[in-house]
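Listed in TrEMBL:
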- ARG118, TYR120, LEU135, LYS137, ILE144, SER145, THR186: FAD binding site (BINDING)
- 61-169: domain 'FAD-binding FR-type' (DOMAIN)
- 12-28: transmembrane segment (TRANSMEM)
- 34-50: transmembrane segment (TRANSMEM)
Amino acid sequence: MSDSSLTSSQNINGIYIPVGLLIFGTFIVKREWVPYAAIVAVAIGALKLYSQLPKKVLKPDVFQEFELKEKTVLSHNTAIYRFKLPTPTSILGLPIGQHISIGAAIEQPDGSSKDIVRSYTPISGDHQPGYIDLLIKSYPTGNISKHMASLAVGQTIRVKGPKGAFVYTPNMVRHFGMIAGGTGITPMLQIVRAVIRGRAAGDKTEIDLIFANVSPTDILLKEDLDALAEQDKGFRVHYVLDNPPEGWTGGVGYVTADMITKWLPKPADDVKILLCGPPPMVSGLKKTAESLGFKKARPVSKLEDQIFAF
C-alpha cells in the first residue's frame with residue numbers, strides 16, 4: 001500500500017517543497033506579493049492532496065471493466081486473480097461482508113451468447129488501493145469460473161456492486177462462529193482480516209472458524225489463515241477434512257453438531273453464526289445450528305439474523 005500520509009516523502013517532495021520554494025522565491029523577487037503567492041500555493045497543495053485521496057470506483061447499477069494484471073495459480077483449478085483499478089489510489093468501495101457481481105458474455109452449446117452474472121467476494125480490501133484480488137475455483141460446469149480461468153493478462157472482466165445484506169461493523173457481536181466450505185472462505189477471510197486490522201482501534205470480536213474441505217490440497221489459503229491465527233489470539237481456525245491423511249488431528253467427515261458445540265460459541269444474543277459454502281452444506285448446517293439452540297434461519301438471510309448465510 002502506498003504511503004499517502006501527510007508526512008510521507010511523496011508529499012514532502014511533491015507538495016511541501018515546491019510550495020515552500022514558490023513562497024520563498026516570491027519573497028526574494030517581490031515580497032509584497034507573498035500573501036498572494038501563499039494563497040496560490042495553499043490552493044495548489046490542497047488540490048494535489050485531494051487528487052491523492054482514495055477514490056471509490058464501484059457503481060451498483062453500472063458494469064465497469066477491470067483489466068487482469070496478474071494470476072497466481074494455487075492448484076490445478078484454483079487461482080488468485082488480481083485486477084487493476086483505474087488509478088493507483090482507486091479503491092473498490094466495498095463494505096466488509098458484501099460482494100460484487102461479475103458479468104460476462106458466455107457462449108452457449110447452440111453457439112449463441114448469453115450474459116451470465118455471478119457473485120464473488122474479494123479477498124483484498126479497501127486498505128489496498130489500486131487493485132482487487134479474487135480467489136476463484138474453476139468448475140467444469142461453472143460459467144463465470146471457467147471464463148475466469150481462460151483469461152489472459154490484459155483481458156478484462158465486468159464488475160458492479162456492492163451487493164449483499166451483511167455489512168460488518170466493529171464489535172457488532174461479541175463472538176462470531178463461522179463455518180466455510182471450499183471457496184466459501186472468501187467472505188469469512190474478509191471479515192477476519194477486518195477484525196484483526198481493527199484491534200488497535202478497540203475491536204474485541206472473538207472468532208472461531210470451522211473450514212471444511214475434501215483433502216489437504218483443497219484447503220485454500222491455509223498459510224494465510226494459520227498466520228492470522230498465530231498473529232491474533234482472538235481468532236481460531238479448526239480444519240475438517242472428508243478424506244484426511246494418516247495422522248490427521250483435525251475434524252473428519254462432514255461438519256457435525258458435536259464439532260459446532262466443541263469449537264463454536266454457544267447460542268447467545270451477542271453471538272452470530274456465519275455460513276458460506278455449497279448450498280446443500282449450508283442448508284444442512286442451518287438445521288444443525290437450530291437444533292443446538294440458535295434462532296431459526298430465514299430462507300434469505302437478513303443482517304439481524306443470528307444464523308447468516310452468505
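Placed from the backbone N, Cα and C atoms, the Cβ positions cover glycine too.
Helix, strand and coil counts under DSSP for the domain 'FAD-binding FR-type' (61-169) come to 8 helix, 53 strand, 48 coil. Those same-chain residues not listed among ARG118, TYR120, LEU135, LYS137, ILE144, SER145, THR186 yet with C-beta within 8 angstroms of the centroid of the FAD site C-beta atoms are ILE102, LEU134, ILE136, GLY142, MET148, THR183.
Take ARG118, TYR120, LEU135, LYS137, ILE144, SER145, THR186, the residues named in the record as contacts for FAD: the widest Cα to Cα gap among them comes to 17 Å. Along the domain 'FAD-binding FR-type' (61-169), the predicted structure has mean pLDDT 94. Neighbour list (TYR120 (FAD binding site), Cβ cut-off 8 Å, at least 6 residues apart, same chain): HIS99, ILE100, ILE102, LEU134, ILE136, THR186.
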